[in-house]
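These notes concern the structure reproduced below.
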Amino acid sequence: MANTKKTTLDITGMTCAACSNRIEKKLNKLDDVNAQVNLTTEKATVEYNPDQHDVQEFINTIQHLGYGVTVETVELDITGMTCAACSSRIEKVLNKMNGVQNATVNLTTEQAKVDYYPEETDADKLVTRIQKLGYDASIKDNNKDQTSRKAEALQHKLIKLIISAVLSLPLLMLMFVHLFNMHIPALFTNPWFQFILATPVQFIIGWQFYVGAYKNLRNGGANMDVLVAVGTSAAYFYSIYEMVRWLNGSTTQPHLYFETSAVLLTLILFGKYLEARAKSQTTNALGELLSLQAKEARILKDGNEVMIPLNEVHVGDTLIVKPGEKIPVDGKIIKGMTAIDESMLTGESIPVEKNVDDTVIGSTMNKNGTITMTATKVGGDTALANIIKVVEEAQSSKAPIQRLADIISGYFVPIVVGIALLIFIVWITLVTPGTFEPALVASISVLVIACPCALGLATPTSIMVGTGRAAENGILFKGGEFVERTHQIDTIVLDKTGTITNGRPVVTDYHGDNQTLQLLATAEKDSEHPLAEAIVNYAKEKQLTLTETTTFKAVPGHGIEATIDHHHILVGNRKLMADNDISLPKHISDDLTHYERDGKTAMLIAVNYSLTGIIAVADTVKDHAKDAIKQLHDMGIEVAMLTGDNKNTAQAIAKQVGIDTVIADILPEEKAAQIAKLQQQGKKVAMVGDGVNDAPALVKADIGIAIGTGTEVAIEAADITILGGDLMLIPKAIYASKATIRNIRQNLFWAFGYNIAGIPIAALGLLAPWVAGAAMALSSVSVVTNALRLKKMRLEPRRKDA
């Protein structure tokens, strides 16, 4: 190969030599390609002719075989975007770059998230490409205070607005003269005076629009800057023409439009300032989450307590936390006991009792006891850091509903410029033949009333505020796509253990005296069985002292037999009692049947071959589970329960909480198949679970919802995470989705409707340019303001909420 290039790809998913050989063989089948795949290093080295192939082709080939290619992600801060046409153009250019898998640009956050193949491109190339388009870009610095940066930018906008307003105010008075036939000083009507006021507004304050327009046009694009620059320049330079004609001795009074250009720019700056101010409020939820983080920690070093910055804490460090202090990082208690306020995570205001070996979460509040803890997760690995990451990703993601707006934004400005030119021609040739001014005014009005900004802000602002509000309530959406899909859910499938129930057995019923309970708990105390643990905990709550077992024997399938302090103990089922000639009174037999019918595990207790008690143990239903399921039913959502338990136990739990559909006796690997069956019936299914065996079903469902008290595997597989395990958050999550999508539709209706109605009205000459400019400025503000209403959203579902 005369002209060759070489690239190296990191491959994931190879398990043996057959994998590497298969990939190598497939790549080498391509013309002018020489590939070597190394299983040990998990890399493919490819020599190729760049005139025939590119790296993306090799990546697609590898992925088509079922393997992955390592992708890196970078977040970029972008400044200089003024409307949806800007963000749409940057996104389109980035996605066309070699090595970029996917790029999304968010106008509201002024950030881009780019997934790329490091062998083909890098973050610096991405930044350079954006800068060539005329925007400022930099790699996001997570240590930099984004809030203060935005506050400075907002202050700069305000200063420019004030200067522009001061210069434009006298010119604005001229408009009122025309409208209300008012008398003003002659100075105000002097062309030189108007020129002196309008020029700095046009070319100093408004220079940003010229720069933006030039950079966009140079790169073959067009945005709002083009509309503003063309519209205001037309008014300004026509006024210059009239002024020169007047200076050359024209006898007719000059028709000046300096006030139009200056006031237009001022109103647009005013709208941009209000928009930026409103947009800054959309990230308040994230700011509040960040403010929850502890700032320092008390570490135990050589027996001394030392305060250190939080970022200096390492895994394994021993920390002291006193009452009233925040838990600095995630960890485990090794000494002491306390109550911890975990409301920032769960929304539950009642403090949770914590003892030795219990886990504690960073940034929760220690209420009433000094504890010593070992740090287990620090920095970006803590629970709060992961929550913040999920919220950030959700707020910067795009919902599918935004696609139409993005497509339109890409063509919007050129179409509007074309319409304005057409309107000018129609007016000067047909409406007012030979008269220049009405044609100019109508075309300027068309240019300045058109607003691609509102289209670009309609979806991301609602997603940002909606996901932020949900996060404040313990509901974490992993992206805008999942916000949109959730509102379509009509069926929810709940795993039983750990989701509907608490996931740990407790004693629900006991009939017998304290001596029997003491002997029973002593017999069970050395067992690791969950039922035994429940009995021992119950005895401890009764403050009974447990002794030692002399002999112990398990009777498989029936129970246990033990000797304690010369007492012979039998604990088990009917068969165990019958085998030992112990008869059951009718009321005990009836109680046993009743407990079993309710899905409880009931055990008979005999001391010295005499029946002395009966105890029932069950995994209890979570608080509010019944209320949550009722709310889902009220919303018109079908609820089903999926469990590996037997049908009797499952039916008993379902009856308690009001679930009609029960799918029982299901093996873990069959859960995903059950979800698929429901989907084949045309249902939109959400699966709610907390365990490792729920992960395949969570992935298969249209929406996977993980309970935050569950395993990391389940949470990773889910689209929504419910913090703390409160089932009431499930209907709230669905309502948050519905409210957010409803808000997006309102915004899109306004954004489309405004342009569809505004442009024809302006074309008919019914709007003065300054009125059109004010309408354009306020259209974006109205969209952002409507989105901000979600901040006050009460997550209380309505009956059959649409």
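A Cβ is built for glycine as well, from the same backbone N, Cα and C atoms used for every other residue.
Annotation source Swiss-Prot lists domain 'HMA 1' at 5-70. Look at Swiss-Prot and you will find C16, C19 tagged as Cu(+) 1 binding site, backed by sequence analysis. Annotation source Swiss-Prot lists domain 'HMA 2' at 72-138, citing sequence analysis. Look at Swiss-Prot and you will find C83, C86 tagged as Cu(+) 2 binding site. Look at Swiss-Prot and you will find 161-181, 192-212, 224-244, 256-276, 411-431, 438-458, 748-767, 771-790 tagged as transmembrane segment. The annotation active site, 4-aspartylphosphate intermediate is assigned in Swiss-Prot to D495. The feature Mg(2+) binding site is assigned by Swiss-Prot to D690, D694.
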What is the one among the binding-site residues C16, C19, C83, C86 whose Cβ has the most other Cβ atoms less than or equal to 10 Å away?
C86
Do at least three CB pairs under 8 A connect the transmembrane segment (224-244) and the transmembrane segment (256-276), leaving out pairs fewer than 6 apart in sequence?
yes
Need this for a regression test: recorded positions C16, C19, C83, C86, D495, filtered to those with Cα within 10 Å of D690 (Mg(2+) binding site). What's left?
D495
Report the listed stretch (192-212, 224-244, 411-431, 438-458) having the maximum count of Cβ pairs within less than 8 Å of the transmembrane segment (771-790).
438-458
C19 (Cu(+) 1 binding site): which of the recorded positions C83, C86, D495, D694 is the nearest Cα neighbour?
D694
Mind giving me a neighbour count for D690 (Mg(2+) binding site)? Other Cβ atoms within 10 Å of its Cβ, every protein chain shown.
24
List only the single closest residue to C86 (Cu(+) 2 binding site), chosen from the recorded positions C16, D495, D694 by CA-CA distance.
D694
Candidate nearest C83 (Cu(+) 2 binding site) in space, where candidates are the recorded positions C16, D495, D694 and distance is Cα-Cα:
D694
The transmembrane segment (224-244) versus listed stretches 192-212, 411-431, 438-458: most Cβ pairs under 8 Å:
192-212
Including all protein chains shown, what's the count of other C-beta atoms within 10 A of the C-beta of the residue listed as 'active site, 4-aspartylphosphate intermediate'?
27
What is the Cβ neighbour count of D694 (Mg(2+) binding site) at a 10 Å cut-off, with all protein chains included?
31
Using a Cβ cut-off of under 8 Å, list the residues of the same chain at least 6 residues beyond the transmembrane segment (438-458) that approach it.
82-85, 87-88, 107-108, 223-224, 227-228, 230-232, 234-235, 238, 257, 260, 264, 268, 275, 279, 402, 405, 408-409, 412-413, 416-417, 419-421, 423-425, 427-428, 431-432, 744, 747-748, 750-752, 754-755, 758-759, 761-765, 767-769, 771-773, 775-776, 779-780, 782-784, 787
Name the secondary structure element type, per DSSP in three states, that contains D690 (Mg(2+) binding site).
coil
